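> Below is a structure I'd like to ask you about.
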């Protein structure tokens, strides 16, 4: 009776047969609701078929209203898909793995994890021996000072601890509990307090006989007052801070950095940080080291306890909502900008090195831009979210394209234009083939068969056809009405039917007939640049307004109606906007450094410039999106995985290319929307293939591997193709 249910907003699925009294709502009642947030209860299943032909109702469990907006935005056409949370999740609601990742190594857990592992033994050879050796060298120095003898003893104890810290605990001597006289209790489970009324009413845990409560006084022994130490006033402490602590601080900071950067060895970094900031600043008589047995698991008042040096789950680790890989790559961005503009003569870094670190720096910047877009969209209304996604959603690619075109225009070379076209075609082919293929493969390995909304996939496929047709229409036009130009022609003696033999023939509209470009191709390009954004706008209206029931998303509270207070967002709207602007400036700088340092690679590389454009320049900025798609697929949400690639491909054709045409109209950099034959046929073949895969509304790892195999076949064609003539 205490459960409040709203029948008009509730969906009961087949996994809850005991709730048979509740009727399933009709599809007509949910047509006008794109997203429903029900904070009362959660009785919905993940998916239900049959309300519309080819549609599926999806219910998502979220923690708060901000996360509900983020999840709903993932299903909106034209919005950037984002997997990570934008709010701080309460520690009690996290999984056991997540709790373990964010521990501060100050709690002894009741675990039966063995301490003799490959990772722990590798710690001894990589970190333990040289950090322990430093303590052994500091130890006699402190003994020679006479006043620092207590710290010398501490160094000796810590040297033996650091060489193998696993299964040992560092505790305060005044906080030790005599466990021999106290029976160990289970410290992991804390029973929730109930009042007498609830205890009587609960038939599962109520006693058989309930009597009146009798006041019973239980004497509680008073703990002796803690003895305050004055070790900061000692001469030995002053000598320790002058002779021992600075050296150990340098050693522990070095060990912290070396163990933090590989990500999976972060427990070692936490241990070094704990020793440096807490243990080494304690009074020497308060530091005690114990080797805990498996039965002594209730010693919770510890300063440091570590049982593993390597944890594969640390790829999920976040700091203020930022993924650890994006956080660790952030210093590389500043190194790239400083070194790139300070070392223009390449005295310290070669052009290949600068190009590599510059293109790598785009990865974390693309992540921060995506997180900023998701944070602002989740905390704002639809109009603000749509504007932010439209302006900043393509900023990563647009900064590189514009800087490359400007660089080529100043250098008087058309090679940069061909590289930009290769990057555009590579983004299309990668988003159409590789992203859906890799998501289907990885998701299909975990889930034998995955189903997705065929109607929403059909909308994306139709937009892809419109996009590819519009983008490559000028190319087909030029092949139909352009001039066939051949490099070398020679006559064959004795052959009257074929008087000339020509080689390297192609349709050339750039030099053969400029009048064709000015009178016919340019007006066609401008017309298409207007029609493509108009089609994109129609797609927005269709999927978000008039036919929102195609997606039929139901977002529900995951706490069963329990209030958890106002959600704590990682980034506020103003902070997210500041991050977006700052990341955009850094992105422009890194893109400029890429274009500056790519020129020698294009000139002297043995690899085709086509291949460089369709792989490195096209797919590296999309790595965060690929990771998001894989994470969606692992959670059996293949619909969003497919939408990730389709959304990027549609935005490339309907937003980015028209913007490039508009930029060229105001500042002529020689960009003509005519692609090479290899781009034309590869893109058309990719769209036809992926549309065939999307027809049945289900997929498995076989279809995914087929798409990935075709993608690598196309890459092989680009790899062995000759370089563009302008390069």
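Glycine is treated like the rest: Cβ placed from N, Cα and C.
Keep in mind that TrEMBL annotations are predicted by a computer and have not been checked by a curator.
So TrEMBL says this about it:
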type	residues	note
DOMAIN	118-168	domain 'Inner membrane component'
TRANSMEM	127-151	transmembrane segment
TRANSMEM	238-264	transmembrane segment
TRANSMEM	322-342	transmembrane segment
TRANSMEM	348-370	transmembrane segment
DOMAIN	354-472	domain 'Sodium/calcium exchanger membrane region'
TRANSMEM	382-403	transmembrane segment
TRANSMEM	423-445	transmembrane segment
TRANSMEM	457-477	transmembrane segment
TRANSMEM	524-544	transmembrane segment
DOMAIN	576-718	domain 'Sodium/calcium exchanger membrane region'
TRANSMEM	642-663	transmembrane segment
TRANSMEM	669-694	transmembrane segment
TRANSMEM	701-721	transmembrane segment
> For the transmembrane segment (669-694), I need the partner stretch with the highest count of C-beta pairs below 8 angstroms, choosing only from 238-264, 322-342, 382-403, 457-477, 642-663.
457-477
> List the helix, strand and coil residue totals of the domain 'Sodium/calcium exchanger membrane region' (576-718) as derived from DSSP.
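When I sort the residues of the domain 'Sodium/calcium exchanger membrane region' (576-718) into the three classes, I find 119 helix, 2 strand, 22 coil.
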> Write out how many residues of the domain 'Inner membrane component' (118-168) are helix, how many strand and how many coil, based on DSSP.
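Secondary-structure composition of the domain 'Inner membrane component' (118-168): 42 helix, 2 strand, 7 coil.
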> With Cβ distances under 8 Å as the criterion, find the stretch in 322-342, 382-403, 423-445, 457-477 that has the most pairs with the transmembrane segment (642-663).
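Ranked by Cβ pairs under 8 Å, first place goes to 423-445.
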> Do you know the DSSP helix, strand and coil residue counts for the domain 'Sodium/calcium exchanger membrane region' (354-472)?
103 helix, 2 strand, 14 coil
> Can you tell me which parts of the same chain pack against the transmembrane segment (457-477), counting only residues 6+ beyond its ends and a CB-CB cutoff under 8 A?
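Distant contacts of the transmembrane segment (457-477): 54, 77, 428, 432, 520-521, 524-525, 528, 531-532, 535-536, 539, 542-543, 550, 639, 642-643, 646-647, 649-650, 652-654, 657, 672-675, 679-680, 683-684, 687, 690-691, 694, 697.
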